[in-house]
Amino acid sequence: MTGKPRRVVVTSPRTAAARRPRHPLTREIDEQTRLGEVYMRSLVRTQFRLALFVCTLLACLVGGLPLLFLLVPDLRSAQLLGLPLPWVVLAGLIYPAFIAGAWLYVWQAERNERDFADLVERQ
Amino acid sequence: MSIAAIVVVALATILIGAFGIRMSRTTSDFYVASRTVSPLWNASAIGGEYLSAASFLGIAGLLITYGADMLWLPVGWTGGYLVLLVLVSAPLRRSGAYTLPDFAEARLESMAVRRVSSVLVVLIGWFYLMPQIQSAGLVFRTITGAPEWAGGLVVAAVVAANVLSGGMRSITFVQAFQYWLKLTALAVPLVFMLLAWRSDGFPGLPPGDPWALPLHGREHPLYETYSLILATFLGTMGLPHVLVRFYTNPDGRAARRTTLVVLTLLGAFYLMPAIYGYLGRVYGLPATDTVVLSLPGRLIGGMGGDLLTALITAGAFAAFLSTSSGLTVSVAGVIAQDILRGGVRSFRVATILAVVVPFALAGTARSLPVATVVGLAFAVAASSFCPLLVLGIWWRRLTTVGAMSGLLLGGGLACAAVLATITGGPDTGWMGALLSQPAAWTVPVSFTVMVVVSLLTQSRVPPGVARTMVRLHTPETLNLDRGDWRPRSL
């Protein structure tokens, strides 16, 4: 035991070396640096996932209906409010469903873009 | 009275066209003006151009012929905009492309792909125009008793005069008005007919009428239903006259909002043809494309019936003229620029070509229901431009060779099937089903070929793809380098 270690006064923190000069992220994207590419790919991937999600829902609905009519023949002649069920769905209810899906998509896609813009412009 | 309606619509179209020359002297005036157009006006204009004779007359006719499976046609023609919205609308607007060949050139940096796209645009345009002209002939004959070519000639002549004078198409307002005219022309008679139906005591179909049931009435109903779904949902994004309208949105965000409004407007319109078809069946009308025209006379009759028939006739001719004008401008623009030398003289020659060829086809091809042939044009678009747009926007590894092979093989096979069907190919058996509803096999072929060939030719990825992705996907508010490509159409 040789007593307390000597106290050292730090006079010049090497902050300049620790932090590399920062470019705004827009410049990283413009110069197609690795970092810029990572941000671009993440934007495209987020938007693509959203698009794929909506398309999958749509495919299940639209692709599923003929299959449902094939596998459950009773549905073909079922009645809803005195009208044939396939007509109620295909000539009526499916349109508001499309519009609702589109509205949700627009809302989420715009949010993704706002998030991306905030991220890129924050620095 | 219906003849008067036709004359009024044709005259109004010509007059507005002539007036439009003064309003929009150059194309750039049009763009500057259109940038201030709100999504509702823009969407009405898209709807006005999109709702053709196939929607206005054809759906009800096909419904009576084949029954409930045909309900998928209007569903697909609306749902196509949902697919377009999520997969292409904003990036397409941001690409700055004015036509589909422009997009091909911008994304793939290849003139060869551009030329192949141009040929496909012209073919799709002709396949789409031909049934419009045939249908005009049919309506004209029903009303006046004139031979079929006469009505087609009227439409072809008015459209050519209009496009040559440079009016009509350039004014968003006119196309927007066409949507509301078509909506009114179906909705007002429908209200009166529903009242007549009520006073008749709501006659319905005999219980268990197989006509009202899905998967019925054709030889291979399941295959044909799925093929129709694929063609309509994926074909909408590849129609040449629809894409142009997206350019008039100020930015990608507005393009999305416009598409949302389009979906709403089309949904409202497409509620009606199904009711026309249902009433037509209940009242036992013959299965032709003119069923929409003959319903008011059957249900209401007298002076009121004549007036309503005249209103529907006006709407039908508005449908012929607006869709045909939009298609003719798109086709003529592509012929003038990519096939002829460009400039005003080329555009005039191209306009004549764009109208005369489908007019000649309409006379020689056999007479199929209008919605069937328009469905075939959708199948070609779905097997060529849909993969090009979807892969081009979302997949960096698409190569020039891959895109080219997919366009040639998918588009080529679909075109061959269409030609076989309209010239009188087999109508029955599996061969008939495969040729008359080709999308179920040509769309997968096209996608597969594009992906596989691209993976095999990774050395041919366009060099500017990273910059193009920035251009396609980043919101315009960000100050980024998006490259300096500009469409040559401007």
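From the backbone N, Cα and C atoms, a Cβ is placed for every residue, glycine too.
Annotated transmembrane segment per TrEMBL: B:6-24 (among others), in sequence order.
Marked as transmembrane segment by TrEMBL: B:71-92 (among others).
Proximity of distant same-chain residues to the transmembrane segment (B:112-129), defined by a Cβ-Cβ separation under 8 Å and at least 6 residues beyond the stretch ends, is recorded for 52, 99-105, 238-241, 323-324, 327-328, 330-331, 334-335, 337-339, 354-355, 357-358, 361, 373-374, 376-377, 380-381, 384-385, 388, 400, 403-404, 407-408, 411, 415, 418, 422. The transmembrane segment annotation in TrEMBL covers B:112-129 (among others).
Under the heading transmembrane segment, TrEMBL lists B:149-167 (among others).
The transmembrane segment annotation in TrEMBL covers B:179-197 (among others).
Among the features that TrEMBL reports, transmembrane segment is placed at B:226-248 (among others).
Residues annotated as transmembrane segment in TrEMBL: B:260-279 (among others).
Taken from TrEMBL, the feature transmembrane segment applies to B:307-335 (among others). Beyond its flanks by at least six residues, the transmembrane segment (B:307-335) meets 1-2, 4-6, 8-10, 13, 48-53, 55-57, 99, 101, 118, 121-122, 125-126, 128-129, 132-133, 135-136, 139, 143, 155-156, 158-160, 162-163, 168-169, 175, 178, 181-182, 184-186, 188-189, 192-193, 240-241, 244, 292-294, 296-297, 300, 346-347, 350-351, 353-355, 489 of its own chain at Cβ-Cβ distances under 8 Å.
Positions annotated as transmembrane segment by TrEMBL: B:347-365 (among others).
TrEMBL lists B:371-395 (among others) with the feature transmembrane segment.
Sequence annotations record features per position, and here TrEMBL assigns transmembrane segment to B:407-426 (among others).
The annotation transmembrane segment is assigned in TrEMBL to B:438-457 (among others).
Sequence-distant neighbours of the transmembrane segment (B:260-279) (same chain, 6+ residues past either end, Cβ-Cβ under 8 Å): 39-40, 42-44, 46-47, 50-51, 55-56, 59-64, 70-71, 74-75, 77-78, 81-82, 85, 179, 182-183, 186-187, 190, 193-194, 197, 291-292, 295, 299. Between the transmembrane segment (B:347-365) and the transmembrane segment (B:149-167) there are at least 3 Cβ pairs closer than 8 Å, counting only pairs 6 or more residues apart in sequence, which means the two stretches are in contact.
Ranked by Cβ pairs under 8 Å to the transmembrane segment (B:371-395), the stretches B:71-92, B:149-167, B:438-457 are led by B:438-457.
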